[in-house]
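For 7-203, the entry in Swiss-Prot reads domain 'Glutamine amidotransferase type-1', with the evidence type sequence analysis. According to Swiss-Prot, the feature active site, nucleophile maps to C84. Here Swiss-Prot flags H177, E179 as active site. The domain 'GMPS ATP-PPase' annotation in Swiss-Prot covers 204-391. Per Swiss-Prot, ATP binding site is recorded for S231, G232, G233, V234, D235, S236, T237.
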Amino acid sequence: MATSLQSVIVLDFGSQYTQLIARRIREIGIYSEIFPYHTKAETIRAHQPKAIILSGGPNSVYDEKAFMPDPEVFSLGVPVLGICYGLQAIAKHFGGNVESSSKQEFGRAKMLVNHDESESLLFRDIPDSDVWMSHGDKVTQLPEGFRVTASTANAEVCAIESFGSKAALKVYGLQFHPEVQHSLYGKQLLSNFLIDIAGITPDWSPKSFIQHQIEEIKRVAGDSTVVCGISGGVDSTVAAVLVSKAIGDKLHCVFVDNGLLRKDEAVKVMEFLKPLGLNISLVDASDLFLGRLKGVASPEKKRKIIGRTFIQVFEKNIHDEKFLVQGTLYPDVIESVSVKGPSETIKSHHNVGGLPKRMKLKLIEPLRELFKDEVRAVGRELGIAEDILMRHPFPGPGLAVRVLGSLTRERLDVLRDADQIFIDELKSSGLYSKVWQAFSVLLPVQSVGVMGDKRTYENVLALRAVESTDGMTADWAHLPHDFLAKVSNRIINEVRGINRVVYDISSKPPATIEWE
């Protein structure tokens, strides 16, 4: 990111909330990055952060192979805030003691701020309030030069900070999770740490991001031509518009119709992308894809066939382009870096691992620093219509992973018709924008039914709708029963070949959002 931005580094110890910490910081208007906990201090110093945050984690600091930060992190001259496991790592590093607690805390707890001590900048304007706990260990002995600034009924040491001879270190620790919404003053507390203690001036915004990216794209691409595979989804659309702002008609977008799109998708996508002024070529390769997928039931084989065929089609539509635009997001980048150590195998994300090396295309990933909600905010700043920005995520393999079992044109058409009814009803009921993602799945089973006094033996369709903020975790959407009944009745009566509709009430984890 631009060196002029003041940034915060979050060291990840494996917490499920690490990304949430980074997002909360950005909501305050400050740029944040996530690094593995084992990142060396000299690497951190090179990024010139104004503050460092140690995340929570699932382990115990007294384990033989406990995750610990580079000790020199505390000598970089910037404020450090430890959250949950991060607090315990601080206590251990400075000579305190951490033990397993006989009274674990999970969920809401009442935090009592220690008003007897001289005012803590961290707790300025923060009263006694509910906080979110998730820990089984506790600090039983404070390190020398630290004081307790808050407690709960089960955690005498709920918050600590350096003082006296160690005050200049500006090291703070919280046993609770300020990044979680259930911690009522959590965002205010983070703001106190970043602005009042670290002295950071908020300068991160969609507008500043766009300005920097346009400059960077111009610098990287120069006079070269650039190609972008566009799908009509949020990520590829925002990425394409952003690159187009930088290099104009030197960007060539390719939209491949693989025959696995939603009903009338190709026509709709071309229509709503037209006002954006992008140079787009529509390639109809549906016969090629469906021919190769005919009769294939294995989801892994489907993905491999689709991936290989897409590469071949895409390659034929590339001319003298030197760069490839991809809509890689920050969670994709984070998932590719292990917190377990530098010796662990790095996972190659699907966005960057598929195109053959012989194409010799260099990557431009203008969104790789953004979370999904930030992509939408950037899209709004770019003037992209809300209908495009709020489209639900759609898997790369398309309907191939929503038609379970053998893939045929007929089964795809059945799914398209049913899914269109589901989505139309969500929109007309004002529910579409209230769920993260909604879709239909055609199951590889049939069931007995009765229609018009005749016995039927036809397909079962599953409806899936989930609520989420980033797709990393998700809960099933509690749609009204009357709404589900209406959708079910319409599908059974209007879509030939379906006689039973079910609703998926699984959350992620343990289930995934998609069925395949």
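Any Cβ shown, glycine's included, is placed from N, Cα and C.
Highlighted in sequence order, I230, V238, A239, G327, I388, R391 have their Cβ within 8 Å of the centre of the Cβ atoms of S231, G232, G233, V234, D235, S236, T237, the residues recorded for ATP, and are not part of that set.
H177 (active site) sits 35 Å from T237 (ATP binding site), taking the Cα positions as reference. The two recorded residues, T237 (ATP binding site) and E179 (active site), have Cα atoms 30 Å apart. The average pLDDT computed for the domain 'Glutamine amidotransferase type-1' (7-203) is 90. A distance of 11 Å separates the Cα atom of E179 (active site) from that of C84 (active site, nucleophile). For S236 (ATP binding site), applying a Cβ distance below 8 Å and a minimum sequence separation of six or more within one chain yields C228, G229, I230, G327.
With respect to their backbone Cα atoms, V234 (ATP binding site) and the residue listed as 'active site, nucleophile' stand 35 Å from each other. Ranked by Cβ neighbours within 10 A across all protein chains shown, the binding-site residues S231, T237 are led by T237. Around D235 (ATP binding site), the C-beta neighbours below 8 angstroms that are at least 6 residues distant in the chain are G327, L329, L367, V375. The separation of C84 (active site, nucleophile) from G232 (ATP binding site), Cα to Cα, is 41 Å. Other Cβ atoms within 10 Å of the Cβ of G232 (ATP binding site) number 20 in total over all chains.
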